Amino acid sequence: MGNSGSKQHTKHNSKKDDHDGDRKKTLDLPPLTKSDTTHSLKSSRSLRSLRSKRSEASLASNVQAQTQPLSRRSSTLGNGNRNHRRSNNAPITPPNNHYLTSHPSSSRRLSSSSRRSSMGNNNNSELPPSMIQMEPKSPILKNSTSMHSTSSFNSYENALTDDDDDRGDDGGESPSMAKVTRINTSSSADRGSKRTPLRRHNSLQPEKGVTGFSSTSSKLRRRSDNTLPASYPLNAEAGGNGSDYFSNRSNSHASSRKSSFGSTGNTAYSTPLHSPALRKMSSRDNDDSGDNVNGRGTSPIPNLNIDKPSPSASSASKREYLSAYPTLAHRDSSSSLSPRGKGQRSSSSSSSSQRIYVSPPSPTGDFVHGSCADGDNGSRTNTMVEMKRKKPVRPVDIDEIIQRLLDAGYAAKRTKNVCLKNSEIIQICHKARELFLAQPALLELSPSVKIVGDVHGQYADLLRLFTKCGFPPMANYLFLGDYVDRGKQSLETILLLLCYKIKYPENFFLLRGNHECANVTRVYGFYDECKRRCNIKIWKTFVDTFNTLPLAAIVTGKIFCVHGGLSPVLNSMDEIRHVSRPTDVPDFGLINDLLWSDPTDSSNEWEDNERGVSFCYNKVAINKFLNKFGFDLVCRAHMVVEDGYEFFNDRSLVTVFSAPNYCGEFDNWGAVMTVSEGLLCSFELLDPLDSTALKQVMKKGRQERKLANR
């Protein structure tokens, strides 16, 4: 499946042989899921797109195929190029049968109309995929009980954003992305099959010719962030001797945990609750927003009930507290989340017709109306009068927000302003924070699930991905991070993902990537986009939300999913489970490694990363990790790969990258890895499209939505 042999393929495999082989072995092809004709029309870079055009003219030519199991002993798949992968369809069955159960597909590929009909009821048969409403699937989150401590709900402010002036005076231009030399890309006429089942063999002995991520293993392999931004703080060890850095790191797990924001908040990445900086930030945010929501929506202090003030507390102290922390004055209760009297549930068992409302974080109760608990009219302050005069903010309807975001995406126009109000964005972020904190830092999921790699603000490609793989809740999703930066529509991208998280909290999951932190977003585009299209407070609100994201996930106890990779200080999964959130990304330690580390074919088990952050780990480290924790596969993102996915170390690790034509510079494909209930791993691909082709695809989707609205 990897590209290790793509350059070693002999010359006797000519293009003529490829085309003849396609015609002769049509019925033996593995299922090629990259056949969504509505989204492959404009690809002129491969013959596979031409076949997609023919298949659109005659859907009867769609073929039936079996999924072929892969084995770590399959030297043909490990060493052959794409044409080998397409023609090799002999199943190889490793001994671990309970993990390798799969059944060949016996049904022909459905047309677009019948596919839509199967996704919903009769009323949805003519709707485009983005508008189909259906019952959510059963929850796949096993450890749904909250695993974090109560102290995680303490008010938290990010010290890295506290000193930012909301007027944006200190925000400079994002530096251009470093140019990267592409590795001798040859124009292959046909890429071959991109959907193959994953079968992990117990043997850890790699086959001859499997070179993993070596310089000859892929036509294009590049880390999505080759260098660390200059503003990213690093310890002295990062730039010093590698052995000294490792010795410092290997025995510093306790300090790593301390850097990950303990409940006391006395770290370099947090501001204490009663700090003057917090008061200053709160008052400054009230003046610059321009919307109806004050503050940043940090989680309220436990046992604080503003609706029922304590008789012993003086009205003056209450008013002083509210003036300093306006966003802490209200917390949604389970019995009053909707103006219609409906309780908002964080469960996927709710029907699709149930409207989900997110209550605003503005203060409510007697204080909003300016009346004090002691009834003293003369004790009203100017702050209370201002709060009384402000127009109340209505709860947002998540379904309506999702449709507005989809309409904006299919409009294919990058506007200066976002389609949502600032107050709506803040409410969405606040609700998402609550959901992230209510779920563990280490998710344990059941199949089936679709695993998505880096998206990087490529909003149109995200809509193409959902169209191909199914809009929620048609499929369960696990995203591996890096939702913002680089792309031109990071705001729409992260907002749509957060809305789906709110709508389907136990079927839609988001992990944290290395770009979901304050320092990186300041350099690579998201800060500038928020400053240009909203304001700096919106960026701060998103950073606070990023600080609550989970760090890793385990699928059915066999597949370890993370954004970056492994860590030399990870000795137990409980160390990830017990990470206290919210937390920024520390300069070193467990969290830093999970988000920044990379695989390497070096002989050293652990060595310094050329990014300047974290480590690189080789095959030995991967095998030790798998054997220690009983996993069969590590699924990660964090690197650009030409085919959208790439295996390493005899299929014990796979990199998934889901942003096709990354930054408009790399002619790479995007991939989504699907894990079936039988632990069969397959890949669905998105072909790289230029801006003109993307606009035509979005135009077609826009026309379908208009017809459905009529």
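Backbone N, Cα and C define each Cβ position, glycine as well.
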Query raised in the report: Which candidate in S174, S310 appears in Swiss-Prot with the annotation phosphoserine?
Result: S310
Report summary line: Feature phosphoserine (Swiss-Prot), candidate list S49, S102, S224, S263, assigned to S224
Report summary line: In Swiss-Prot, the phosphoserine annotation, restricted to S71, S260, S351, falls on S71
Query raised in the report: Where does the phosphoserine label fall among S75, S105, S203, S247, going by Swiss-Prot?
Result: S203
Query raised in the report: Using Cα coordinates, what distance in whole Å links D482 (Mn(2+) 1 binding site) and H563 (Mn(2+) 2 binding site)?
Result: 8
Report summary line: Between the C-alpha atoms of H456 (Mn(2+) 1 binding site) and H515 (active site, proton donor), the distance in angstrom, to the nearest integer, is 9
